[in-house]
Amino acid sequence: MKTLQRTLSIIKPDAVEKNAEGDIISILLNNNFRILGIKMLHLTKNQAEGFYAVHANKPFFHSLTDFMASGPIVVMCLEKENAIADYRKLMGATNPANAEEGTIRKKWAASIEKNAVHGSDADDTARFELSYFFAGYELAR
């Protein structure tokens, strides 16, 4: 029996500004991700700070949360076997200069901060992140 895993994907303001959402979603579907929930929204600074609270004491916290509140984002709940690892591989390295050819960040990211997409890094993180943006009833079964 297959064990399906869920992960959060965020298409960040820089990629939305480049109108990359459709291309990124196509990449996800072509890599057998199932989209259980999707929405476009514009975070407030407080919402961005709540989402990234784990980084509150890091030097990049304020610039990151300012950036994440600077424009619309697309949040998705993705599902497949090994969803977290597979999505992180598709995203590419956090620093787009180190990202492999063919990855989302290599194509659309400009810098470590403006790096086009976010993805959960572990099961517990995914649970928190998904619940931050989606109520259970908002996700397809």
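Each position is counted from 1, following the chain as shown.
Each Cβ is built from the backbone N, Cα and C atoms, and glycine gets one as well.
These figures come from a predicted structure and were not determined experimentally.
On its own chain, His118 (active site, pros-phosphohistidine intermediate) has Leu8, Ser9, Ile10, Lys12 as residues at least 6 apart in sequence with a Cβ closer than 8 Å to its own Cβ. Taken from Swiss-Prot, the feature active site, pros-phosphohistidine intermediate applies to His118.
Neighbour list (Arg105 (ATP binding site), Cβ cut-off 8 Å, at least 6 residues apart, same chain): Met91, Gly92, Ala93, Thr94, Pro96, Ala99, Asn115, Ala116, Val117. Look at Swiss-Prot and you will find Lys12, Phe60, Arg88, Thr94, Arg105, Asn115 tagged as ATP binding site, backed by sequence analysis.
Considering other CB atoms within 10 Å as the measure, the emptiest surroundings among the binding-site residues Thr94, Asn115 are those of Thr94. Here the binding residues for ATP are Lys12, Phe60, Arg88, Thr94, Arg105, Asn115. Their largest Cα to Cα distance works out to 21 Å.
In sequence order, Glu113 make up the list of same-chain residues 6 or more apart from Phe60 (ATP binding site) whose Cβ falls under 8 Å from its Cβ.
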